[in-house]
Ligand SMILES: Nc1ncnc2c1ncn2[C@@H]1O[C@H](COP(=O)(O)OP(=O)(O)OP(=O)(O)O)[C@@H](O)[C@H]1O
Ligand SMILES: [Mg+2]
C-alpha cells in the first residue's frame, strides 16, 4: 500500500457510530442491518454511490464489521473474466460480505453472472474447454454484495435493480468535516486548535479524504516550519503552500475554471475538450472535479456542454463578457 493509503486507512472509522455525517444514509443503513440481525439472515445487497473520498469503502467495511461478517474485497477492473468472478463467488462463506468497488467497471459477462448470483444465489461453473465444456450450476450460501460506484448512472438497470438498498453519499457540510478532522487529530495524537479545524474543514471540498489529507499537511508544516502547534496560522500557511484557495479549490479545480473562462470564453464546451485542455482524463474531470464545482455554483452542465457560472468569473477575478453563457439573463434557458 502506498503511504498515503496507509495513512488514510489508519483514520477510517470502524463502526457506524463513529462515521460522521451522512445522517440519511446512516439511518437507512442501520435499519437494514438491524432488521437483518433480528431475522438472523444476511441483509439484502447494498449499493453505495457518490463522488470519491466521501466514505463508500469505509461504509462497506463498517457494514461487514457491524454484521461481524468476513469481508472479501474486489473491484470491477480486477475482474477481467467471468471466471474470475465465478472463482470468488464459489468460495464465499455463508454470510460473507463481498465488496465490489467501482462496480460500474465490471465486464459485461461478469455483470451477467453477478445478476444471477445476487438473485438466485447460484453460479454456473464451466468445466472443461471447447465443445466438451459443460456448465455445472453451483448453489451459493447466502451472502451480501456491497457495491460502490462513483458513477451510478453508468450501472445498467438490471444490476441496479438487484440491490435492496441504494445509499447516495453527498458532500459533507463544514460542521461535519470539522468533526472529522477533530477525530482524526485525536487518532494522530496531535493537538489541533479549533480555529485550525474550522479552517481545514471549510477548505476540504466537502470531502473527508481531503480534510484528512490537509490535516496531515498542516501537521507537516507545523513540525517542519512552524512551532509544532497546529494552529490557525499553521493551517493557513500550509494551505497556501499546497495551493488550496479560500474556497477549497485546488490547482486542478482552478485550471478547469481558467480554461473554461479563458480559452473557451465561458463555454459551453464539451467535457472531453475541457479535459484535454487541462491535460486530464475525461473521467477524472467528470467524477473528481466537476461535481464539487457544480455543487458550489462555479460550473453549469448545459445540454451543449460545460459553462462557467458567474461565480467562476468572480472567483478568478475576471469580468464575464457580456452575454456569456451562464450569466444571469441566460440562466433561465437551462
Ligand atoms: N463519514 C466519515 N467520517 C469520518 N471519516 C471519514 C468518513 N468518510 C470518509 N472518511 C475518511 O475519508 C477517507 C476516504 O474515504 P473512503 O475511502 O471510504 O472513500 P470512497 O468513497 O471509498 O472513495 P473512492 O471513490 O475514491 O474509493 C477514509 O480513509 C476515512 O478516513
Ligand atoms: Mg473507495
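In case you wondered, yes, glycine gets a Cβ from its N, Cα and C as well.
Counting only same-chain residues six or more apart in sequence, the Cβ atoms lying under 8 angstroms from the Cβ of residue 53 (ATP binding site) belong to 207, 208, 209, 210. Marked as ATP binding site by TrEMBL: 11, 12, 53, 56, 57, 58, 119, 120, 121, 162, 172, 209.
Long-range Cβ neighbours of residue 57 (ATP binding site) (same chain, at least 6 residues apart, Cβ-Cβ under 8 Å): 99, 101, 148. Taken from TrEMBL, the feature Mg(2+) binding site applies to 57.
A 10 Å cutoff on Cβ-Cβ distances gives residue 301 (DNA binding site) a total of 15 other Cβ atoms nearby, all chains included. According to its DSSP assignment, residue 301 (DNA binding site) is in a strand. Under the heading DNA binding site, TrEMBL lists 301, 306.
Confidence for the domain 'AAA+ ATPase' (42-173), expressed as mean pLDDT, is 94. Annotation comment: TrEMBL describes 42-173 as domain 'AAA+ ATPase'.
The feature region 'Small ATPAse domain (RuvB-S)' is assigned by TrEMBL to 173-243. Taken through DSSP, the region 'Small ATPAse domain (RuvB-S)' (173-243) splits into 51 helix, 2 strand, 18 coil.
Remark: secondary structure over the region 'Head domain (RuvB-H)' (246-334) totals 43 helix, 9 strand, 37 coil, with classes taken from DSSP. Look at TrEMBL and you will find 246-334 tagged as region 'Head domain (RuvB-H)'.
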### Task
Measure from each Cβ of the binding-site residues 53, 121, 301, 306 to the atoms of ligand 1 and list the residues where some distance is under 6 Å.
53
### Task
Mind running the binding-site residues 11, 57, 119, 172, 301 against ligand 2 and keeping the ones whose CB falls under 6 Å of it?
57
### Query
How many Å separate the Cα atoms of residue 11 (ATP binding site) and residue 301 (DNA binding site)?
34
### Query
So what sits near residue 119 (ATP binding site) in its own chain, CB-to-CB under 8 Å and at least six residues off in sequence?
162
### Message
When DSSP is mapped onto helix/strand/coil, what comes out for residue 53 (ATP binding site)?
### Response
coil
### Query
Which entry in the list of binding-site residues, 121, 172, has its Cβ near the fewest other Cβ atoms, using 10 Å as the limit?
121
### residue 306 (DNA binding site), number of other Cβ atoms within 10 Å
28
